Every structure is written in structure tokens, then in C-alpha cells.
Amino acid sequence: MYKDCIESTGDYFLLCDAEGPWGIILESLAILGIVVTILLLLAFLFLMRKIQDCSQWNVLPTQLLFLLSVLGLFGLAFAFIIELNQQTAPVRYFLFGVLFALCFSCLLAHASNLVKLVRGCVSFSWTTILCIAIGCSLLQIIIATEYVTLIMTRGMMFVNMTPCQLNVDFVVLLVYVLFLMALTFFVSKATFCGPCENWKQHGRLIFITVLFSIIIWVVWISMLLRGNPQFQRQPQWDDPVVCIALVTNAWVFLLLYIVPELCILYRSCRQECPLQGNACPVTAYQHSFQVENQELSRARDSDGAEEDVALTSYGTPIQPQTVDPTQECFIPQAKLSPQQDAGGV
């Protein structure tokens, strides 16, 4: 059965390999991930029409781009299950870094927006957040394009390179992705500082997601460059190690970031108004305080009596010992005529 599988499928034999079932297991997880990601995309598109809070809505286009990138990661898993050849090698070396760069750039853009929101500032527009995500990933696209073009045109094909060369080049191509990952990690930590508590839950989701991603990347890079050669499992374990890390990280993106974000959006849509706390109470207080200060300034330009009333209403309360008991029955704004004064006596 195993020999028939190899002879009939060639480079695709891992898709039906029952003796080494890692290909079948990862294939099943990737297909399930594709289905779940499509359902989450439809859920986000449905909820986009019901979100009333602009601060929440502005990040949704970037999250849709993030979901499309995760969908691409699950599809890319098949390029690692299939044997390395002239067709799968360029796809691996180009899309792996580009798709992960898009994912971490989207997380970075969201975290950067949260840094403003937790401090009571106004959110970036949705175009600004989306441009940050796309702009941060452009460098990885340029790097991957140049590398694949050079390999394909200079005569040294991927299949002619040694496993050690392939692995080193693969990791070196991902240096910028590692930088994006580290930057997103530190920016997400900055979202923990600020008076608006409700926005911090989004920052915690990004922080935990990136933390698990860092652990996954440290493990698979260590195995690819050091572990497999030491265990004398190179190149047999090279593709399984990278593919397992790819599928695992894609599921981490869904379970630790997208699903909780979708739950938050759903709770927000069930309320009649945006989530309490999204409009930071500190900001509202500061705004009202500024309005009161402006009214005080206008009062100082008017007559002295009006100024005294304004200061009594908005300023520091008058201490009891400073009040003259003989003045308690008089209203400062009104001036009584002599006739009214005599009648009152």
C-alpha cells in the first residue's frame, strides 16, 4: 500500500502516507482551519454593519486583512506537505514570510491604535490603520521577491541546494518578520498603561497571541537549524517541523485573537449603544472641565457679580467662615429699588 502510494502520487505521497501520518494530520487541520477562517470572515462581515462605535469599527478592515492572511497560511501548509520541487519551493520561500509579515503587521497596527485609545485619545481612521498594516509588510514582500527572483534566474535552482543551505536561507529571509514580531510584542505591552480599562482587553489578546507565536518560532527555528542535524533527521524532519509550526501558529491566531475579538464585537452589537467604557470617562470629564474653564473666562469679562456666582458654582466652594451672615438673604445678580427695599422691611 505504501509503495503504491509513492509510485502513484510521486511528490504528493505524503497526502496519503499512512505509515508516517503527519501529512494526513496536518492536511486535516489545515482544511479545518480553512473552513473555520471562512466562517469567521463571514461573521466579521455580518457584524461590520451593526457596529456603532467608530473606535471599534476602524480596526475591522485590518482584522479582515488579518483573516485573509491566516487563510493563506492554512493553504500554504499544503506546499510543505508536498515534496520540495521547482513549483513548491518558490511558493514556500515567498509566501511564508509575506503572510506572517501581514499577520504581525495587522497586530502591530491594532496595538498602535490601542496605545492611543487606552490613554483617552481619538482612534486612527480605518484607512490609517490599514495603511500601517500594509506598509509594515512591504519590506518583507520586497525581500522575498528579490530572493526568489535571484534564485530562479542565476542558475542555482532550489532542488540543487543542500538541505543546510535551504534551511539557513529560509530563516535568514524571516529576519524582518522576527523584527515585526518583537516590535508588536513591546507595543502590545504599552497598551497596559492608561486610564481606559475597557480597551486593555484587546491589548492583552494581542500580547498573549504574540507571546505564543514567539515560543513557536523559537522552537521550530531551533529544531530546523540545530535539532534536526544533531538527531541526524535532516532533511526528513525539515518539512514536518516547519509545517507543524505553520499550522499551529495559524490556529493560535484564530483561537487567541480572532475568536475573542469576535466575541467582544458580538457583545457590543447586542447592546443598544456602544460598549460602556469605550468612550473613556476620563476624556468626558476632561472635556467638561475645559468647557467650565471657558465659562469662567467669559464670566471674568463680565461684571463682578456674575464672576462671583461663576466662581461659586464651578470653582472651589466658599468656606463657611468667609460668608458674611448679613449677606445671606441677597441675590448678587439682582439690585432692589428703594421702594422694594422699604416694602420688604
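Each Cβ is built from the backbone N, Cα and C atoms, and glycine gets one as well.
These numbers come from a predicted model, not from an experiment.
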Exercise. Using the annotation in Swiss-Prot, determine whether W22 and C269 are placed on a common side of the membrane.
Key: no
Checking 28-48, 64-84, 94-114, 205-225 against the transmembrane segment (168-188) for Cβ pairs under 8 Å, the most are found for 94-114
Beyond a gap of at least 6 residues from its ends, the CB atoms lying under 8 Å from the topological domain 'Extracellular' (85-93) belong to 11, 76, 79, 144, 147-148, 151-152, 157-159, 169-170, 173
Among 64-84, 124-144, 205-225, 240-260, the stretch with the most Cβ pairs under 8 Å to the transmembrane segment (94-114) is 124-144
